[in-house]
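The following features are taken from Swiss-Prot:
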- Cys27, Cys29, Cys95, Cys98: Zn(2+) 1 binding site (BINDING)
- Cys48, Cys50, Cys53: Zn(2+) 2 binding site (BINDING)
- 20-167: domain 'CENP-V/GFA' (DOMAIN)
Amino acid sequence: MTIALHPSIDNGLKQGSGSFAGGTLACKCKDHQVKVGIKGDVAHNHACGCTKCWKPQGATFSVVAVVPRQNVTVLENGDKLEIVDASAVIQRHACKACGTHMYGRIENKNHPFYGLDFIHPELFQEQGSQAPQFAAFVSSVIESGVKPEQMAGIRSRLKEIGLEPYDCLSPALMDAIATHVAKAKAA
């Protein structure tokens, strides 16, 4: 039995244009959609297995990327946004009506990823943003109900479509976190 990873990757990766200038994210409401403008392309796009990220119906993973926070603007129906969990490091702003997470923001200025907002590229109304580059927090899908004996197949499928599976973030992002921590300790 094949597990649905995520609709945007189940049939393989669709490569980005390499020149994506940004676009508009729209929630899943039929009308009065929350719309969020994004300037520029995304970075560190990945499939995420954590239990905090928003996933479309039936998906095992979310697909999430980052953009500089100054490149994120709520365009329409911002009054429908609410923070999902005020105690979480990433303040996920979701539509109150449909539950779609529109962007996640870190307010702690000492956090290694402060200044980057987390978004779900599949919500772009436009095509061409960066394709997912890796899979993170893969083992965490067990916490959301995946059977442990399915994990080898999931990892194999991720590799087959071109996503290296990690049980944390990618090495480049882990290095960025460690560098931030080392600099903070040296200060």
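In case you wondered, yes, glycine gets a Cβ from its N, Cα and C as well.
Quantities reported herein were computed from a predicted structural model and do not represent experimental measurements.
Feature annotations (Swiss-Prot) mapped to structure.
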residue : record                : contacts (Cβ under 8 Å, 6+ apart)
Cys27   : Zn(2+) 1 binding site : Gln33, Val34, Lys35, Lys80, Cys95, Ala97, Cys98, Thr100, Met102, Leu123
Cys29   : Zn(2+) 1 binding site : Lys80, Cys95, Ala97, Cys98, Thr100
Cys48   : Zn(2+) 2 binding site : Phe61, Ser62, Val63, Val64, Ala135, Ala136, Phe137
Cys50   : Zn(2+) 2 binding site : Ser62, Ala136, Phe137, Ser140
Cys53   : Zn(2+) 2 binding site : Ser62, Val64, His101, Phe118, His120
DSSP three-state assignment for Cys48 (Zn(2+) 2 binding site): strand
Additional residues around Zn(2+) 2, ordered along the sequence, whose Cβ is within 8 Å of the centroid of Cys48, Cys50, Cys53: Gly49, Thr51, Lys52, Lys55, Phe61, Ser62, Val64, Ala136, Phe137, Ser140
Site with most surrounding Cβ atoms, counting all protein chains shown within 10 Å, from the binding-site residues Cys95, Cys98: Cys95
Any further residue of that chain within 8 Å (Cβ to the Cβ centroid of Cys27, Cys29, Cys95, Cys98) of the recorded Zn(2+) 1 site: Lys28, Gln33, Val34, Lys80, Ala97, Gly99, Thr100
